[in-house]
Structure formats: C-alpha cells, structure tokens
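K.L.:
Encoded as structure tokens, here's the structure I'll be asking about.
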Amino acid sequence: MEIVRDVESVRAVLRPFTNRKIGLVPTMGALHSGHLSLVHEMKKHADVVIVSIFVNPLQFSPGEDYEKYPRCEEVDCEKCASAGVDVVYIPSAEGMYPDGFSTSVDIGPMARELCGASRQNFINGIMVVLIKLVMQTNAHCMILGEKDYQMLHLTRQLFRDLNIGVDVLQGNTVRSAEGLALSSRHQYLSSAEITKANFLYGFLLEVGQQLSDDPHGQQEIIARGKLRLEQEGFEVDYLEVRDNNTLEHMQTFRKPARVFLAVYLGNCRLIDNVLLA
C-alpha cells in the first residue's frame with residue numbers, strides 16, 4: 001500500500017494504472033466500520049482503490065469542530081492496509097488550498113436546506129473538495145455513504161451538471177447492534193450519551209411507519225416527532241420528510257420518501273435518515 005501526501009505524488013503513483021478503473025473513497029479519517037464497508041464495496045467496482053483522508057476546512061463554519069475533529073493517521077493507515085486499499089492519499093490543507101485559492105462552488109438552493117440550513121459552508125465546501133479529489137486522482141468512480149444522503153444526492157447532481165464523468169456509488173449505512181448509524185464524531189459522546197443516541201434509529205422507523213399509516217398527517221407527525229426528540233433530551237436541528245428522488249418538500253406524503261433528522265446531544269451533532277419505499 002502506498003501513502004502519498006501531495007497531488008504530484010498521487011498522480012505519479014497512479015500513473016501506471018491509466019488503463020485500470022480507479023475508485024475513490026473520500027473520508028475525513030477517524031475510520032470506522034462504516035468507512036471500511038465503503039472500501040469493501042468499492043473493491044467490487046474498481047481495480048485500484050484509493051482512500052483520501054482530509055479534514056476539509058471549507059466545510060466547517062466558525063465555531064464548529066474543525067480543530068478538534070479526531071485525527072488518527074497511523075491507525076487509519078493500518079485499517080486501510082488490512083482492508084486491501086492500494087493507495088492512501090493524505091493531502092495537507094495548504095496543499096489543497098494554497099495561498100490565493102479563491103474558487104467556490106454554489107450547487108443551488110438545496111445546499112442551504114437540511115444540513116445546509118444550519119451549517120452555512122457545509123455542502124458547497126464539500127463540493128469543492130470532491131471536485132479537486134476526483135481531478136487529482138483521475139478516479140472513474142467514487143462512493144459515499146447513505147447516511148450522508150443529501151451530500152450523495154447533490155454530488156450526483158453536481159457531477160451531472162458539470163459533465164464530470166465519475167460514477168457516484170451509494171454505500172449502505174453501517175449501524176451498531178443497537179441501530180445507531182456509525183460516525184467518527186461518536187468519540188465526543190460518553191457511554192451514557194451513546195446509550196441515549198441508540199434511540200434515534202428506532203424513532204426514525206416509528207416516524208416512517210406513522211407517515212405510511214397516515215399520509216395526510218405529515219405536519220402533525222413531524223411536529224410530534226420534534227417534541228418527542230426534545231423530551232428524550234436532544235436538541236433538534238431538523239426533522240423532515242422529503243421526496244427521495246428530488247429532496248424537495250412534499251405537500252402530500254408519497255413514496256419513495258426519506259425521513260431525515262439532525263440533532264445535538266451534548267457537543268455532538270448526529271444525523272440519520274431512513275428510506276420509505
């Protein structure tokens with residue numbers, strides 16, 4: 001396994017694979033079983049698998065956890081080697097965004113909804129780094145997890161709109177035995193908070209069932225759901241149901257749909273979603 005840290009090196013190490021299919025797994029590090037499942041899925045689709053590890057400053061707003069985001073490069077590289085990764089790419093912020101870098105991306109109004117409503121730089125900052133990563137690696141395909149479904153949907157839109165010929169694959173959400181969607185930020189939680197967070201997946205399934213049973217009661221179901229989350233000790237960022245294919249609001253509930261939530265528990269922001277098909 002090769003470990004490279006700048007664009008010249010990553011291009012040099014990948015040059016012999018010009019005629020092979022290159023698959024990119026973009027991450028911010030602090031790898032867990034969810035990331036490794038993306039690696040294993042990508043190995044089914046690509047001849048060469050490259051994992052990028054980069055805590056992207058563009059997607060963090062002032063006061064967020066950029067500085068304290070967990071970084072454990074040595075352990076991450078060991079996990080990648082065990083998973084059969086071919087190349088690990090660990091660029092620096094200075095290398096990705098040198099002095100004078102000023103380009104931005106605005107993918108449109110949906111970047112300011114759901115996670116983008118409260119995290120003003122989040123979606124568009126991710127889009128910049130994903131464009132750079134696929135251009136730097138000449139990837140043929142990339143994989144993102146279903147847990148970040150808004151990002152997955154908008155990345156596909158971006159690549160389609162700009163004629164970027166990279167397939168964006170969807171990896172399944174990996175959950176703990178109790179149903180909690182895995183996240184690197186779980187390191188911020190105490191054991192008691194982890195136990196409390198285990199409530200969320202079952203709650204989402206319950207909301208989904210209520211919507212299926214009463215499609216005309218959408219507003220009331222969501223309002224009750226927010227109240228329930230608050231009663232359970234969560235600070236609610238959003239609880240919403242959207243059209244699965246467009247992410248638009250629905251005046252009348254219909255399938256396929258997706259229920260999204262984002263909540264705060266202590267200092268940790270947790271997101272999840274479920275498909276209603």
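Glycine residues also receive a Cβ, built from the backbone N, Cα and C atoms like all the rest.
Take a look at what Swiss-Prot says about it:
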| type | residues | note |
| --- | --- | --- |
| ACT_SITE | His35 | active site, proton donor |
| BINDING | 28-35, 145-148, Val174, 182-185 | ATP binding site |
| BINDING | Gln59 | (R)-pantoate binding site |
| BINDING | Gln59 | beta-alanine binding site |
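How buried are these features, and what lies next to them?
P.N.:
The Cβ of His35 (active site, proton donor) has Val25, Thr27, Val51, Lys79 as same-chain neighbours under 8 Å, each 6 or more residues away in sequence.
Less than 8 angstroms from the CB of Ser184 (ATP binding site) sit Met28, Gly29, Ala30, Leu31, His32, Tyr69, Pro70, each of them six or more residues away in the same chain. DSSP assigns Ser184 (ATP binding site) to a helix.
Using a 10 Å radius centred on the Cβ of Gln59 ((R)-pantoate binding site) and all shown protein chains, the other Cβ atoms total 21. Secondary structure from DSSP puts Gln59 ((R)-pantoate binding site) in a helix.
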K.L.:
For the binding-site residues Met28, Leu31, Val174, which Cβ has the most other Cβ atoms within 10 Å, all shown protein chains included?
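P.N.:
Answer returned by the neighbour count: Leu31.
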K.L.:
Between Gln59 ((R)-pantoate binding site) and Val174 (ATP binding site), how far is it from one CA atom to the other, in Å?
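P.N.:
Computed Cα spacing between Gln59 ((R)-pantoate binding site) and Val174 (ATP binding site) is 23 Å.
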